[in-house]
Amino acid sequence: MQRLMKFRVLWGIHMSCPGFHHAPQHLRCRSLSGAGTLRWNDYDRPEEFNFASDVLDHWTQMEKEGKRSPNPALWWVNDQGDEVKWSFREMTDLTCRTANVLTQTCGLQTGDRLALILPRVPEWWLVCVGCIRTGIIFMPGTTQMKAKDILYRLQVSGAKAIVTTDTLAPEVESVAPECPSLKTKLLVSDHSREGWLDFRSLVKSASPDHICIKSKTLDPMAIFFTSGTTGFPKMAKHSHGFALRSYFPACRKLLQLKMSDVFWCLSDTGWILAALGSLLEPWTAGSTVFAHHLPQFDPKVIIETFFKYPITQCLAAPSVYRMILQQNYTSLRFPTLEHCCTGGEALLPEEQEQWKRQTGVLLYQAYGQSETGISCGTLRGMKIKPGSMGKAIPPFDIQIIDDKGNIQPPNTEGNIGIRIKPTRPIGLFMYYENNPEKTAEVECGDFYNTGDRATIDEEGYFWFLGRSDDVINASGYRVGPAEVENALAEHPAVAESAVVSSPDPVRGEVVKAFIVLNPEFSSRDPGELTKELQQHVKSVTAPYKYPRKVEFVSELPKTITGKIKRSELRKKEFGQK
């Protein structure tokens, strides 16, 4: 409990939520609309919006008036059993102090950029909201970054400040001389470091009195770096409208969160999904955000956490659910879990069914990008079509388009497009910062071209095929890599795979699979195993999709966000640099 005591002494606050309180029945079923804060509809465009004043401070007032149950706004734990519970009143106090540190101590102004590279620690929430209060543009980044990744982000963004931990401080120091815009370095640590400001002590001594800026809905709020699967990461710039979209009724239907919910998003803090799932979505509904520090991913710890804490909803990548299912537990019937959502990579229909069978909870799928947030999904309570990404979520009008922006009929392969004309929808990125060429490149007629390929069926459900650059044209047949990778994943030998096109003197292109084997299959004869895997794919999907070439590898090239870099493998196949 030493760390817990440090938090209490450090921030100078009392722990107002010593235990978890189930909401009174009359509050338990109240969603955002029931709390009287749903001021906008799906297609409204208010002139002003600020998540800190319109959401966080609203729930602070609800707590003062006794209109919200005494559950914490943020419930943070670590693997040592320490806990931090902050109410909305405490979050308002601490984020106002943070805002004053950023503006008064650091001298940052509205529109300045701040690089935020923190793990799942409470200070991540303070900095995010502190930036929103002041109009400082925050740029989340994963702690998996190396010095060259940090250098690139600091240089292209012109960041004036960075907030990180002592683990990454040496990496920052090694590149700081090459970043002339960087003026302020804030350290989140129990130890001081020369050349760095002590974030915690500054927040503790700062004034809690702060007037939130009156931000325009279309003023910039955050920059999210894309995954960089096809080149250097781009800076997708988002307005305050990105946070406003979580207010809209159609978006509320995706998770249908209540004040009594305890919501756990397992996304890395450097990804846009964390901003949505660990900040915007749950707090818009007045729910409790649950966070586990999880310095190392361990499915056993995740399972034990579900049993130990009253978590009601979960949002995580398919790999998280997959690893949970692979553990040898006699029961996965978590006592309070009601709803699960996933996205970010392909999910096998068999995995959805297995999750439902072992946990008794349905697993809903969603789709999005750094540019869009969650743009379509299977809403809670909606019919699940296993393997589908669900339907478009307003205000996004999503269609399947060709390369000229023409809408395609159902069951026809094309690009996933989001209508941007005559009006760009609230919640879609503004543009790629400092990259007008790329911004223009993704505009296709009346649509933003996501670069992802899919089909849409007669009921409006989308079916993902892959990135446009990833789709393989084999002997006239178009093959999406996700289809083949899903088929391979059903075989027990395959830990993970990446499917790309490979040159062939007769067919032009053929399907090739790079496969990482599970350890127990590593001693198998490669030739025999290749034939077995090829036959397996033929048996579970259209035979023309099977990989004519197979290469076993120890690992796959990935971006720092964990996405497979198929482009790198494809270039290798075609002898490109």
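Cβ atoms are placed via backbone N, Cα and C, with glycine included.
Feature annotation from Swiss-Prot assigns ATP binding site to T226, S227, G228, T229, T230, G231, F232, P233, K234, D452, R467, K563; the stated evidence is similarity to another entry.
Per Swiss-Prot, the feature N6-succinyllysine maps to K85 (among others); the stated evidence is similarity to another entry.
According to Swiss-Prot, the N6-succinyllysine annotation covers K146 (among others). With a cut-off of 8 Å between CB atoms and residues at least 6 apart in sequence, the same chain places E171, I560 near K146 (N6-succinyllysine), listed in sequence order.
Annotation source Swiss-Prot lists N6-acetyllysine at K146 (among others).
Summarising the annotation, Swiss-Prot assigns N6-succinyllysine to K183 (among others). K183 (N6-succinyllysine) falls within neither a helix nor a strand when secondary structure is assigned with DSSP, and so counts as coil.
In this structure, K204 (N6-acetyllysine) is part of a helix by DSSP. Within 10 Å of the Cβ of K204 (N6-acetyllysine) there are 16 other Cβ atoms, across all protein chains. The N6-acetyllysine annotation in Swiss-Prot covers K204 (among others).
Other Cβ atoms within 10 Å of the Cβ of K214 (N6-acetyllysine), summed over all protein chains shown, number 12. The N6-acetyllysine feature in Swiss-Prot is assigned to K214 (among others).
In the three-state DSSP assignment, the secondary structure recorded for K237 (N6-succinyllysine) is strand. Annotation comment: Swiss-Prot describes K237 (among others) as N6-succinyllysine, evidence class similarity to another entry.
The N6-succinyllysine feature in Swiss-Prot is assigned to K356 (among others); the stated evidence is similarity to another entry. Listed in sequence order, L362, L363 are the same-chain residues six or more apart from K356 (N6-succinyllysine) with CB atoms under 8 A from its CB.
As annotated by Swiss-Prot, N6-acetyllysine applies to K391 (among others), with the evidence given as similarity to another entry. Cβ neighbour count for K391 (N6-acetyllysine): 18 (other Cβ atoms within 10 Å of its Cβ, all protein chains included).
The annotation N6-succinyllysine is assigned in Swiss-Prot to K391 (among others).
If you look up Swiss-Prot, you'll see K538 (among others) marked as N6-succinyllysine. DSSP assigns K538 (N6-succinyllysine) to a helical segment in the three-state reduction. Counting only same-chain residues six or more apart in sequence, the Cβ atoms lying under 8 angstroms from the Cβ of K538 (N6-succinyllysine) belong to Y546.
Residues or ranges marked as N6-acetyllysine by Swiss-Prot: K538 (among others).
The transit peptide annotation in Swiss-Prot covers 1-31 and rests on experimental evidence.
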For this session: Mind checking which of K85, K183, K234, K237, R467 has the fewest other CB atoms within 10 A of its CB? They're the recorded positions.
Result: K183
Problem set entry | Nearest-integer angstrom distance between the alpha carbons (Cα) of K204 (N6-acetyllysine) and K85 (N6-succinyllysine) | 17
Seminar exercise, completed: Rounded Cα distance, in Å, between K237 (N6-succinyllysine) and K391 (N6-acetyllysine) is 25
For this session: Calculate the distance in Å between the alpha carbons (Cα) of R467 (ATP binding site) and K214 (N6-acetyllysine), and round it to a whole number.
Result: 39
Exercise. Per DSSP, to which secondary structure element type does K356 (N6-succinyllysine) belong, with helix, strand and coil as the options?
Worked result: helix
For this session: Tell me whether T226 (ATP binding site) sits in a helix, a strand or coil according to DSSP.
Result: coil
Problem set entry | Integer Å distance between the CA atoms belonging to K85 (N6-succinyllysine) and K391 (N6-acetyllysine) | 36
